[in-house]
């Protein structure tokens, strides 16, 4: 039953080309065009390329993936998530779907399809960042290497997984907000605001807790947890007093995802859909 619901939601999303493009393709494409535009500006306007500069392909991919759930990227990811998770309220189609499957399966299927779309969006980000590095090297005569910092594909997979998990905490929040507000706009605004507030709080608390082990206040923020996990994977030496908190950070991220998903399902199972 869940597999049928997932297949149906995947089909519906693929038919909604505007949601696929604006939600899951636009941000990676903007990043690609900005990189190429910067190289062209340096080559033809500034006309002073930096001599002897070397670009690491994997390093560029890791940088792009680390920003894959930034506030800018989250805005467009949540536009796509809102289309999937709250679109049936807008078009008043829930009453056509609920007789075909359980409410739990219907909502979980939507969240799983959003997770698939986020994964492919991050994968597109990785591919386009590598392509931009190749093109930029050709434009400005830069030399290329696989990695200047001894990174490998396992690092790419790890950062992709961490950023995906960070983005999915927002997607699970989107599911909760979608059920409560019955509004696609409400989902986008609430999730974007949540991401922005986290960024401000994490920055402020980091300044207050320099050279100290992170407090529970910091560890409660998914943004900080994701940054900590990426740092633990790529450069554990720079963590200092926070080196022993990576496990707690992963647990908190998983707890956010599980709690928000369970909350969304619980709310949806008790929601009155006779009037949407």
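A Cβ is built for glycine as well, from the same backbone N, Cα and C atoms used for every other residue.
Remember, TrEMBL labels are computer predictions, not curated facts.
What TrEMBL records for 20-44 (among others) is transmembrane segment. Sequence-distant contacts of the transmembrane segment (20-44), counting only residues of its own chain at least 6 positions beyond either end whose CB sits under 8 Å from a CB of the stretch, comprise 13-14, 64, 72-73, 75-81, 83, 117-118, 120-121, 124-125, 128-129, 131-133, 135-136, 139-140.
Beyond the ends of the transmembrane segment (64-86), by six or more residues, the same chain brings 9, 12-13, 16, 19-20, 22-24, 26-27, 31, 107, 110-111, 113-114, 117-118, 121-122, 125-126, 128-129, 156, 159-160, 163, 166-167, 170-171, 174-175, 177-178, 181-188, 191-192, 195-196, 199, 226, 230 to within a C-beta distance below 8 angstroms of the stretch. If you look up TrEMBL, you'll see 64-86 (among others) marked as transmembrane segment.
The transmembrane segment annotation in TrEMBL covers 107-136 (among others).
Residues or ranges marked as transmembrane segment by TrEMBL: 156-180 (among others).
What TrEMBL lists as transmembrane segment is 187-208 (among others).
The transmembrane segment annotation in TrEMBL covers 246-268 (among others).
Counting Cβ pairs closer than 8 Å and at least 6 residues apart in sequence, the transmembrane segment (107-136) and the transmembrane segment (246-268) reach three or more and so form a contact.
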